[in-house]
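Here is the structure we will look at, set down as structure tokens.
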């Protein structure tokens, strides 16, 4: 039988999933995106060359790997074409390596218009979305009015459905948000111009994955964002609009849940967050600046500066529970080089003085939480690019061991730099 490995983020996204997926796909036949949209930003560095992917799975650069966009992904046709064009200009035969589910909901210009109009209307209470129409597209999906990739097979019917939904959303845009209406004809023309390209890549994803499993193929499932941004389990309402957790694999791809063999949680050696929302361990002064600059903490999708803080092991433990993690990949360990001391949050103190070791479910419950820290010695030696576990400074090894102890999960992979080669694989998920 084949092995199905899930790679997902355990924090608020930006943990370094793209690099890890790219590394592990050396042994995979398929790489599958199962949720999110082009709000993701997965950065790959291979032999010094940087590639940023937002929608196409990170396995696309591998010659013998087929990349799949599953039904749980909301797909923006213009964003997909932009990525395809950029990759093809570099000699990557995208159309030979990429497949789509016909059940992918389409993100169209009215979704983007609604996203931005709503954020503007929220003012100081804005969620901090990427403004790419992700949430409104998922809303249309759940309301059963959304258009999907499969609708493009019948262009005449697509045009009729599109007209109805444009009128529906324009009423809200113009009358409630006082924003400009979306031009139906332009939307139709733009989508139909690339419809045949999209439909040519359509496949029955669930059937493909089932047969791949029976054949013994290795499959990698690539998560986007992070566990703490999950629509159900994250810091609601400061969350994304999809299930970023392991449960999203089955619903977002059609793979039977019992076929998942290993779940790899990507955990950054410290914490970051983009946009608004709770962040108990956030740092604002010298150490926060160190993490931000040395870690190059600027969003691959939006360019926004990420908020930075100490590792929150309480939040990561929540990710362990929800995802039934098999192991961790620890990323950006090298960013901690040079710090005299390093802290790990192992609990919270409530405003009434009570100590707790779990995260609240809603954002309101995080208000007034005081992190309870353990302080460990830092290290002055460089860990950048180290590929031998035994060559790491003892203080770094102690830090790694403590993360394993407080989370109850082994660290199977350690990343010490952005390049594919700057990685230590202590236990390969496909062999676990």
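Quick reminder: no glycine exception, Cβ is built from N, Cα and C everywhere.
Annotated features in Swiss-Prot:
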ACT_SITE  14  active site, proton acceptor
ACT_SITE  42  active site, proton donor
BINDING   13-19, 41-43, 306, 332-334, 415-417  GTP binding site
BINDING   14, 41  Mg(2+) binding site
BINDING   14, 15, 16, 17, 39, 40, 41, 42, 130, 144, 225, 240, 304  IMP binding site
BINDING   300, 301, 302, 303, 304, 305, 306  substrate binding site
Fewest other C-beta atoms within 10 angstroms, as judged across 13, 16, 41, 303, which are the binding-site residues: 303
Inter-residue Cα distance where the pair is the residue listed as 'active site, proton acceptor' and residue 43 (GTP binding site), in Å: 9
Collapsed DSSP category at residue 16 (GTP binding site): coil
Rounded distance in angstrom between the Cα atoms of residue 41 (Mg(2+) binding site) and residue 130 (IMP binding site): 11
Euclidean distance between Cα atoms of residue 130 (IMP binding site) and residue 303 (substrate binding site), Å: 10
When distances run from the Cα of residue 19 (GTP binding site) to each of the binding-site residues 39, 225, 304, 305, 306, the nearest one: 225
Distance from residue 306 (substrate binding site) back to residue 333 (GTP binding site), taken between C-alpha atoms, in Å: 17
Residue among the binding-site residues 19, 304, 305, 306 whose Cβ has the most other Cβ atoms within 10 Å: 19
Other CB atoms within 10 A, centred on residue 416 (GTP binding site): 25
Residue among recorded positions 14, 130, 305, 306 with Cα closest to the Cα of residue 416 (GTP binding site): 14
C-beta crowding around residue 39 (IMP binding site), within 10 angstroms: 29
Rounded distance in angstrom between the Cα atoms of residue 16 (GTP binding site) and residue 225 (IMP binding site): 10
Cβ contacts of residue 225 (IMP binding site) (under 8 Å, same chain, 6 or more positions away): 9, 12, 13, 35, 36, 39, 40, 240, 242, 244
Rounded distance in angstrom between the Cα atoms of residue 304 (IMP binding site) and residue 14 (active site, proton acceptor): 12
